[in-house]
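Dropping the structure in here first, questions after.
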């Protein structure tokens, strides 16, 4: 069944909240992306995790895998920085999914 | 029925393996404004499609827009590469891609696709140094044995020679690349970027006949171009508005100056290495005037000049595949966790285990 960013966003859970962390206010953003199989979720994780964030300071991003779900967690000091990173990640995620659509399914291991 | 392939090379017969057992490597390149995917099998180019992101006259290409361009076409180009080679994904033995150097956003876009297909197809991944891609493709196509390499493009200017498992940088630009200098003149005089600003400067230079004296900034083994650029940008405004010269004269003068500098530092490296061969690689290497000037110097020294045509001079996928193949057959593999891209990646950082 072909993946598409549109069909996934129905199932994706996103949450953003502000938490006080001592004297700093940090923004947090969570994203959970379900995949049809654990294998595909792993492929996505390994394609999306190696590159460092272009901007060193002001943002952290953590990717994690739980069964068929890829989860991503950001913390940022400024909304603008958060928005850029999330937007960029979603572009890359949709590229992974389009690649999987066009050149998948994964071969049996 | 096995197809046996024999390759004759300088009167000695080289191997004899059934075609099916020779590894097929696919290479992905997108570090600047060209996005290319190429497939190679034992030195034979099976396909090498490419697209160029061309900006309007007067504009350069920015990382975000370039990445967006690549993202829009990469899967199409990948499919084209397979179709032109007459291959299916299952026929590919390893996936090579440009790890660096280059522009961050486009490098990431291409690496993501390479990582994904490598995993989908269950094949090893190879992160290739872009400069080494140019060198290995130049060596393959021209069969130069051990040349002094002049690598000149929009992003790089280096004089390289191989020694003891490293491509060592003998001379380089201390500021901008020679191609960058040319591209920025093109922006000032607003010439078309189609097919490339350098190509259009070359055509215009042929019609120039007034030599405008520019600073000549060779610094020992190295070169500097940013001063020449500032000078010519300034001169362009003054001289063109007063009609003292034509844009063609500027193109001509800049080429003569830049190329003479490149010939000088190449010759210096050749003298150090006792080299009798020059190989020019990189997009600026397509320039016939540069080849001509280098040829004059080579002839004077009794050396041979090697160059490739625009299929391989200009960034392309198959050069990455070729370098990837050399790395793969000498035992390199890039783990996914190590497959991060890097904007800076020195040519001499790579251990060239495939040469003695």
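Going from the start of the chain as shown, residues are counted 1 onward.
Even glycines carry a Cβ here, placed using N, Cα and C.
What you see is a predicted model, and the numbers here were worked out from it, not measured in a lab.
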Where TrEMBL shows B:130, B:134, B:151 binding divalent metal cation, which of B:42, B:249, B:309, B:315 is named for the same site?
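So, going by the record in TrEMBL, that would be B:315.
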Going by C-alpha distance, which of the binding-site residues B:153, B:198, B:287 is nearest to residue B:134 (divalent metal cation binding site)?
B:153
For each of B:130, B:134, count the other CB atoms within 10 A of its CB; which of these binding-site residues has the top count?
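Output for this query is B:134.
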What does DSSP assign residue B:151 (divalent metal cation binding site), in three states?
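Where residue B:151 (divalent metal cation binding site) sits, the three-state DSSP reduction gives strand.
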Between the two most separated Cα atoms in B:151, B:152, B:153, B:154, B:155, B:183, B:198, B:202, B:287, the residues recorded as binding substrate, what distance in Å do you get?
18
Given residue B:315 (divalent metal cation binding site) and residue B:153 (substrate binding site), what distance in Å do their CA atoms have, once rounded to a whole number?
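The Cα atom of residue B:315 (divalent metal cation binding site) is 9 Å away from the Cα atom of residue B:153 (substrate binding site).
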